Amino acid sequence: VMAASKPVEAPGGGGGTAGLSRWQLALVLGAPILLGAGAIYLWGRRAARRGKGASERKTPEGRASPGPGSEGGSGQPDGPGHEEMNPLGRAQAAKNKGNKYFKAGKYELAIQCYTEAISLCPPEKNLDLSTFYQNRAAAYEQLQKWTEVAQDCTKAVELNPKYVKALFRRAKAHEKLDNKKECLEDVTAVCILEAFQNQQSMLLADKVLKLLGKEKAKEKYKNREPLMPSPQFIKSYFSSFTDDIISQPLLKGEKSDEDKDKEGEASEVKENSGYLRAKQYMDEENYDKIISESTKEIEAKGKYMAEALLLRATFYLLIGNASAAKPDLDQVISMEDANVKLRANALIKRGSMYMQQQQPVLSTQDFNMAAEIDAQNADVYHHRGQLKILLDQIEEAVEDFDECIRLRPNSALAQAQKCFALYRQAYTGSNALTVQAAMKGFEDVIKKFPKCAEGYALYAQALTDQQQFGKANEMYDKCIDLEPDNATTYVHKGLLQLQWKQDLDKGLELISKAIEIDNKCDFAYETMGTIEVQRGNLDKAIEMFNKAINLAKSEMEMAHLYSLCDAAYAQTEVAKKYGLKPPTL
């Protein structure tokens with residue numbers, strides 16, 4: 001994310017360096033397809049609207065057969081005294097007495113009455129019996145006896161399988177008992193039965209998905225095999241820096257003044273300098289050898305030790321190994337006699353790493369220090385501007401982009417991102433005139449810099465927000481003409497087809513194309529999984545999410561993907577168990 005481990009993806013789908021990556025988009029944009037852990041429940045928006053469902057669900061049932069949203073009747077018996085004549089009547093009377101105790105807060109007495117109702121009720125009266133069990137569970141819940149709550153709700157659900165109130169109460173009990181998987185299954189069933197209209201059940205689903213995701217990602221990330229991203233990804237990442245000595249062509253920034261007249265020695269140095277060999281491998285796109293060659297330079301305490309530390313740290317970040325990158329970055333930052341450009345670049349990368357780890361205070365400190373030690377470094381302002389957008393500090397972001405533009409007037413990227421920041425500000429402030437001005441700003445940028453793919457990409461995102469789908473599509477086509485091997489653009493264009501024409505086939509075709517271009521594009525697999533969920537192909541969706549998980553570049557990203565995967569899995573379980581399926585596109 002940002003300079004940490006991956007290029008910052010354009011919200012609209014341009015090159016690696018524009019806009020923001022997708023977990024950031026969730027904060028900034030609310031992307032076309034929901035991005036939270038509950039994203040996967042997205043057909044909820046399309047489901048037929050039903051009642052809002054129970055909002056608090058604390059009271060016991062007053063009537064025999066509860067509807068999904070019923071909160072129970074008055075607690076009075078259904079008729080006069082003739083009920084007492086048959087066993088069901090006596091059971092109802094015991095339940096009604098229990099309801100009175102419940103309302104008075106006398107839960108132990110209420111439990112005794114519900115127990116009596118259960119023993120009196122004829123066994124073939126399923127709905128009545130299920131109500132008595134669920135009422136007793138409600139009383140146990142008040143006493144925080146979670147095991148008993150779960151047991152009684154299970155009885156109620158066995159008797160009445162689509163009993164929303166009992167399923168939700170059992171979900172909450174499972175949450176208290178730390179049975180996350182069971183909690184997720186129950187709350188998923190509730191969400192589907194309530195057609196995704198109840199905020200409470202949606203929030204619990206989201207909460208448990210995030211917890212499960214975090215737990216699984218922590219374990220998996222610790223033991224993951226480091227994975228080198230695709231060459232397109234790496235080049236895209238380095239293109240977000242212009243003042244970065246280590247990514248410039250061989251020997252350009254590496255000769256000190258007295259070396260300049262000793263060109264002949266350069267090839268000799270290459271033989272015994274691990275760093276220069278690493279640079280050679282970089283030019284050849286032989287990225288797998290860079291960490292080991294840099295290590296040789298570092299162990300030999302060679303002439304290019306600072307450069308080698310920064311290069312090694314950068315590749316550790318690229319393969320998703322932030323804990324190995326940090327000591328190298330720390331060391332470069334503390335080398336007071338090293339080239340200030342190296343130290344500033346290390347600060348940008350460490351600051352971006354902190355942002356990815358959700359430590360904005362440390363991140364901001366690093367960027368501020370970089371601006372102090374190398375005030376003329378345009379990269380600092382460019383990357384700090386992106387951080388400020390993330391932190392919703394739009395005015396400061398615009399100031400940073402302005403400074404970047406002042407230092408580097410030809411920076412198309414900074415100008416496009418400044419437009420994007422101004423657009424966000426106008427859009428969130430719902431100010432039609434400033435939105436119009438920002439849109440005109442995009443037009444100016446693409447006129448002035450017709451070769452900047454990110455300008456079209458960010459403009460496409462704004463156009464999508466404004467529902468100008470046809471024009472957004474044209475902008476993505478321009479991006480593709482300029483950067484035909486940028487997989488991310490195809491994914492965003494695929495998402496646009498869904499929003500614009502609900503055209504799943506076209507969307508999938510474009511995303512498949514992205515995978516063809518870059519088979520390590522985790523964003524493509526994730527998006528494909530989300531689409532398969534919408535089509536009702538849950539097994540296929542789970543397969544796609546698992547592919548994305550194996551490619552995830554940070555623990556946080558992996559946690560988000562596990563949440564999506566678990567949500568899809570819970571739906572397959574619910575479909576099997578209750579014969580329920582969410583509506584599909």
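Here the Cβ of each residue, glycine as well, is placed from N, Cα and C on the backbone.
Curation plays no part in TrEMBL annotations; they are all automatic predictions.
Per TrEMBL, transmembrane segment is recorded for 23-43.
The feature region 'Disordered' is assigned by TrEMBL to 51-87.
TrEMBL lists 69-78 with the feature compositional bias 'Gly residues'.
For the repeat 'TPR' (91-124), DSSP puts the residue distribution at 27 helix, 0 strand, 7 coil. Summarising the annotation, TrEMBL assigns repeat 'TPR' to 91-124 (among others).
For 378-411 (among others), the entry in TrEMBL reads repeat 'TPR'. Assigned with DSSP, the residues of the repeat 'TPR' (378-411) fall into helix, strand and coil as follows: 27 helix, 0 strand, 7 coil.
Note on the repeat 'TPR' (453-486): DSSP counts are 27 helix, 0 strand, 7 coil. Per TrEMBL, repeat 'TPR' is recorded for 453-486 (among others).
Under DSSP, the residues of the repeat 'TPR' (522-555) split into helix, strand and coil as follows: 28 helix, 0 strand, 6 coil. Feature annotation from TrEMBL assigns repeat 'TPR' to 522-555 (among others).
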Stretch-averaged pLDDT - the repeat 'TPR' (91-124): 97
